Amino acid sequence: MVDAFVGTWKLVDSKNFDDYMKSLGVGFATRQVASMTKPTTIIEKNGDTIILKTQSTFKNTEISFQLGKEFDETTADDRKVKSTVTLDGGKLVHVQKWDGQETTLVRELNDGKLILTLTHGSVVCTRTYEKEA
């Protein structure tokens, strides 16, 4: 099922991203720059390992993980988190935990688009990606 997510995805729409970053404690200047960028997400699979790369003019990040196994992650806004990614009902569910806080990043496919729903407390952000040829 993970195979359906494999590919290169370009951001085409974003809703409530600034509020989401604000809830995480991201500073004003960083939020301004991050809000303007249109990142590309590259999802690859190598055996049991999934590689998720995010590339933009703001910052490039890369994580490698196996489903259901906790790993250390440094986020684009430099949070040091414990992350776990699972496959749940056709959705990739990525949970980040740090300092007693938790945020959830859910990736799902809908009409050929990758929908990323970010949740931190009561703040929900939706980012839509289209697959590049």
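Residue positions begin at 1 at the first shown residue.
Each Cβ is built from the backbone N, Cα and C atoms, and glycine gets one as well.
Copied from Swiss-Prot, the annotated features are:
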type	residues	note
BINDING	Arg127, Thr128, Tyr129	octadecanoate binding site
BINDING	Arg127, Thr128, Tyr129	(9Z)-octadecenoate binding site
BINDING	Arg127, Thr128, Tyr129	hexadecanoate binding site
MOD_RES	Val2	N-acetylvaline
MOD_RES	Thr8	phosphothreonine
MOD_RES	Tyr20	phosphotyrosine
MOD_RES	Ser23	phosphoserine
MOD_RES	Thr30	phosphothreonine
MOD_RES	Ser83	phosphoserine
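In the three-state DSSP reading, Arg127 (octadecanoate binding site) counts as strand. In this structure, Thr128 is the one among the recorded positions Ser23, Thr128 with the smallest number of other Cβ atoms inside 10 Å of its Cβ. Sequence-distant neighbours of Ser83 (phosphoserine) (same chain, six or more apart, CB under 8 Å from its CB) are Ile63, Phe65, Glu70, Phe71, Asp72, Glu73, His94, Val95, Gln96, Lys97, listed in sequence order.
Take the mean position of the Cβ atoms of Arg127, Thr128, Tyr129, the recorded octadecanoate site; other residues of that chain with a Cβ within 8 Å of it are Trp9, Leu11, Val12, Asp13, Ser14, Lys113, Leu114, Ile115, Leu116, Thr126, Glu130. A gap of 19 Å separates the Cα atoms of Arg127 (octadecanoate binding site) and Val2 (N-acetylvaline).
Taking CA atoms as the reference points, Ser23 (phosphoserine) and Thr30 (phosphothreonine) are 13 Å apart. Long-range Cβ neighbours of Tyr20 (phosphotyrosine) (same chain, at least 6 residues apart, Cβ-Cβ under 8 Å): Leu118, His120, Val123, Val124, Cys125. When the C-alpha distances from Tyr129 (octadecanoate binding site) to the modified residues Val2, Thr8, Thr30 are tabulated, the minimum falls on Thr8.
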